[in-house]
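K.L.:
One structure follows; several queries about it will come next.
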Amino acid sequence: MGGYKWYLCHQMFWSYIFELYVSFLKPITLWPFFLAYSGGFLFRDISGKFTLNILCAISVFTGFSIAISLVHRYVQASPFSTFYQYYDNLYYRFFIYILLISSLQGVFFYYIYYYAPDFETLKSSSEAQNSIMKIFFAREPSIFGFDRANNKSFIVMFVVIAILLVFFIFLILLYFNFIRILFKNKMNMSSGTYELQKVLFKTLYIQICFISIILIAPLIISLILASFGIRWVSTFALYAFMLISIHPFADFITMIYFIKPYRVFIIGLIKSILRKMGFKINTQIVPTAIVSTSMGNSASAIVNNNNRS
């Protein structure tokens, strides 16, 4: 698996951090307004705009970790391309990563900080529509949300929707181009390497389906419903969050089931941690196939230790 396993671990880490943050945040919607407040003890007395900024930052890291993991898998399928020659340079690659993530975080922070409605704006707008909201704003400083009467709120919504749509289109193009590259390079691969690429392609396909159905679709639908003032979006958002929360688990099960080297790596990692904690773990040395996802050199095929000529 080479460096690919670390991309998968990085992806799982940020997915877990996202779920952990949302679990502690415990957003409670205030139907029929497009507002929510934190029901978690950690964030209940913290400004809603601050918690929203942190949520967006973690979401960007999560989406970015998924994107670079898929791109890494995609690039490894075509090691003879010009792009691969640049990508193979670790320092150059990480420089691009840092530049991209900094730019994305900067864009989100700018729009959330300058365009998302603050507490007082939401308070005055909501209380004007229903006086009972005074109780909530007096007791819940963590309230955040979307104000349809505020044009700046629409700007934030449209920016987020546009970025999600671009990410979805990027995934679709990545998928079809991966098919093209796989068939194009079929003659340059050994049978073992080609079978491995097919397994990884199947995993990539399932991952893209999960990302599209479980992550992107619920978010885009929720934002569009809120933009058009559909009142039952609060109820829909609750179910959307429930659906989004299962993505890390579904993604992890997919990778563990289809990618054996990753499964072996995770089991070995767990055993290593248990041994350091004082547990006695029996280690059996079993001859296995050495797998490499790269095809740029003679070590790029699957080499069976018991049947090598």
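Quick reminder: no glycine exception, Cβ is built from N, Cα and C everywhere.
Curation does not apply to TrEMBL; its annotations are automatic.
The annotation transmembrane segment is assigned in TrEMBL to 12-38, 50-71, 91-113, 154-183, 204-230, 236-259.
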K.L.:
Considering only the recorded stretches 50-71, 204-230, 236-259, state which has the highest number of Cβ pairs under 8 Å to the transmembrane segment (12-38).
P.N.:
50-71
K.L.:
Residues sitting near the transmembrane segment (204-230): Cβ under 8 Å, six or more positions beyond its termini, same chain?
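P.N.:
Tertiary neighbours of the transmembrane segment (204-230) are 34, 66, 70, 73-74, 146, 148, 154, 157-158, 160-161, 164-165, 167-168, 171-172, 174-175, 178, 236-237, 239-241, 243-244, 246-247, 250-251, 254-255, 258.
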